[in-house]
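The domain 'G-protein coupled receptors family 1 profile' feature in TrEMBL is assigned to 65-316. Annotation comment: TrEMBL describes 50-72, 84-106, 126-144, 156-178, 229-250, 262-284, 296-318 as transmembrane segment.
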Amino acid sequence: GIKLPSSEVYLLPHLMAPAVTTMPHSHPTNTSLSELHLTGIPGLQQLHHWISVPFCIMYLVTLAGNSTLLCVIKADPCLHLPMFLFLSMLAVIDLVMSTSITPKMLGIFWFHSTAISLNACLTQMYFVHAFSVMESGVLVAMAFDRYVAICNPLRYLSILTSPVVAAIGLVTLLRAVVFMSPLTFQIHRLPLCSPAVVDHSYCEHMAVLKLACRDAAFSNTYSLSISTYVGSFDSLLIALSYALILRAVLSLSSPQARKKAFSTCSSHLCLIALFYIPGLLSMYMERYHQELPPHIQVLLADIYLLIPPAFNPLIYGIRTKPLRAPWNCSLCGAMFWICNESSIVDNTLMF
């Protein structure tokens, strides 16, 4: 071999190159990413301005409906019942969940503002998925509340006391934190490879995991398992509650009352299905059906985060008699206890 003179130092080009990590099926890429770019809805970028119209309308309806609901419930002491406290929790969750994604999404659609810092992306991811788990828990609590109100109305206030309602809310919050914190922590520790492009309209965890430079099978499996468990277990509890409710409804003597109850139950169940089915479908499509157009998966993920928050105050709120005419209970403060009792009996048929 050729010996190099000891008095000279030769700096070979490949020794001077920066450290890189090779991503499977990709070119060597730098791992020091501090900013990501969201594509919006892949394949439909030319339609972003049109798509933004219904998205913006749904967001405005979400803000107006849920804010009005919170103000009405807070202003009227007669509405400080468990069912309306759960409804308030749902309204707060919907406001946070929608606000965590929709303004950025509209920025992408209107101004092509695709850049998002890694920390902001992880924060958005945590809020979206944690509050989705919280919403699922609150829907279960609301189904249980309706079961008690209809099947055991005389013990309604003794079963769902204020400490019990607070405990249910706290458990719902803690469950979301316990389930979603490990996932966010895992993704935060993963090195990400460029190009730093997330093919989604928000920082959905499976879309972000595609940028991982090393094997992310554990994070993928964990997120899919948690989502499947929450969706399946909670929807099963909700279905059980409504089955018991429908059994009680069938025993009503009045055909008009049965018809009204069936109408209310069907609208609730349709809205619940809009929350669970698109969310689970989008994740399973992301994991197992790579050949499908990506915009279908993204639109499904957007639907379950945008439509239920817009319709929840309309279905659960406006169709509830005490919320349609709260002033009936506010005419006299001395009627407060009577108002509480009559609201429960009234909601036996009105939900």
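Cβ coordinates are placed from backbone N, Cα and C, and glycine is handled just like the others.
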Notebook entry, point to check: At least three Cβ pairs under 8 Å linking the transmembrane segment (229-250) and the transmembrane segment (156-178), pairs spaced 6 or more in sequence?
Noted result: no
For the transmembrane segment (50-72), the distant same-chain contacts (Cβ-Cβ under 8 Å, at least six residues beyond its ends) come to 41, 44, 79, 87-88, 91-92, 94-95, 98, 102, 105-106, 109-110, 302, 306-307, 309-310, 312-314, 317, 323, 326
Ranked by Cβ pairs within a distance under 8 Å of the transmembrane segment (126-144), the first of 84-106, 156-178, 262-284, 296-318 is 84-106
Near the transmembrane segment (156-178) in space but 6 or more residues beyond its ends, with Cβ under 8 Å, are 82, 85-86, 89, 130-131, 133-134, 137-138, 141, 145, 148-149, 340, 344
The average per-residue pLDDT within the domain 'G-protein coupled receptors family 1 profile' (65-316) comes out at 89
